[in-house]
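A.B. asks: The structure under discussion is supplied below as structure tokens; questions concerning it will follow.
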Amino acid sequence: MYYGFDMGGTKIELGVFDENLQRIWHKRVPTPREDYPQLLQILRDLTEEADTYCGVQGSVGIGIPGLPNADDGTVFTANVPSAMGQPLQADLSRLIQREVRIDNDANCFALSEAWDPEFRTYPTVLGLILGTGVGGGLIVNGSIVSGRNHITGEFGHFRLPVDALDILGADIPRVPCGCGHRGCIENYISGRGFEWMYSHFYQHTLPATDIIAHYAAGEPKAVAHVERFMDVLAVCLGNLLTMLDPHLVVVGGGLSNFEKIYQELPKRLPAHLLRVARLPRIEKARYGDSGGVRGAAFLHLAEK
């Protein structure tokens, strides 16, 4: 059995998956914001409850909104202050008497998609999240590529490419980013960036859902905005595809529901790839909100 915890700022969700990778049980509880011993106790209690339900000890994986530190075993997770800077993996492993694996929740999203029955046929899967920010994960032969600092999937912190400046104008503001730099692509091609770009060019603020509705109705400003956005998205993704060369790209996050992305990217991407490059398959994510739990559970699958 595979147990996956999705640990967020307000809730902890546990999903239990059987040997056929089907979810058979789940439970959700509030996240203790400040009390680390209480957090450990909740994770222990949920694990033992799952053991009782299954009649066996399952493997345990945890997805966090942050990064594990490979050097000292602590976690950096600002959204869960109770776990910030704590050796969560070692402490929980000791409590439940089994190995615990921890990874970034965006990596868990990518892993969940890569273990889809159909998507498993692709050796290299790029999970791309276009949500409040931009992130994701790279999966090779069913395993997460974490990198030295667990930041392989921090795609949103590439800077705007030169070709994007040709589209947006050389004087486009280099938007300050939460990472401390300016001009990171997540401030332009995320859901938030989609809205910012519209506001910048038209001095009018609208939520993404309204912009997309205006686009569907043929409103000229919205149409021009979507065309511009798709061009910038293709430029940025073209750089990413040239670097990583995946067989499959799976798109998640709020903007993944904008179906125009899957129509336009295959048309626009070739201009930004090497001539010998073949386009990867580009698909919408299949597991939605359950992807974090599912991917966390599957952190133990690569060894099979």
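All positions are counted from 1 along the displayed chain.
Cβ coordinates are placed from backbone N, Cα and C, and glycine is handled just like the others.
Keep in mind that this is a model prediction, so the values were computed, not measured.
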A.B. asks: Among HIS150, HIS157, HIS214, which residue does Swiss-Prot name as a further Zn(2+) binder in the site formed by CYS177, CYS179, CYS184?
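C.D. replies: So, going by the record in Swiss-Prot, that would be HIS157.
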A.B. asks: Out of GLY4, GLY8, GLY133, GLY135, GLY137, which of the binding-site residues has the smallest number of neighbouring Cβ atoms within 10 Å?
C.D. replies: GLY8
A.B. asks: Counting other Cβ atoms within 10 Å, pick out the least crowded of the binding-site residues ILE139, CYS177, CYS179, CYS184.
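C.D. replies: Checked ILE139, CYS177, CYS179, CYS184; of these binding-site residues, fewest Cβ neighbours within 10 Å: CYS179.
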A.B. asks: What's the CA-CA gap between GLY135 (ATP binding site) and HIS157 (Zn(2+) binding site) in angstrom, rounded?
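C.D. replies: Given the Cα positions, GLY135 (ATP binding site) is 9 Å from HIS157 (Zn(2+) binding site).
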A.B. asks: Just checking the binding-site residues ASP6, THR10, GLY133, GLY137, ILE139: which sit within 10 A of CYS179 (Zn(2+) binding site), CA to CA?
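C.D. replies: Among ASP6, THR10, GLY133, GLY137, ILE139, not one has a Cα sitting within 10 Å of that of CYS179 (Zn(2+) binding site).
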A.B. asks: Cα distance, CYS177 (Zn(2+) binding site) to GLY8 (ATP binding site), nearest Å?
C.D. replies: 22
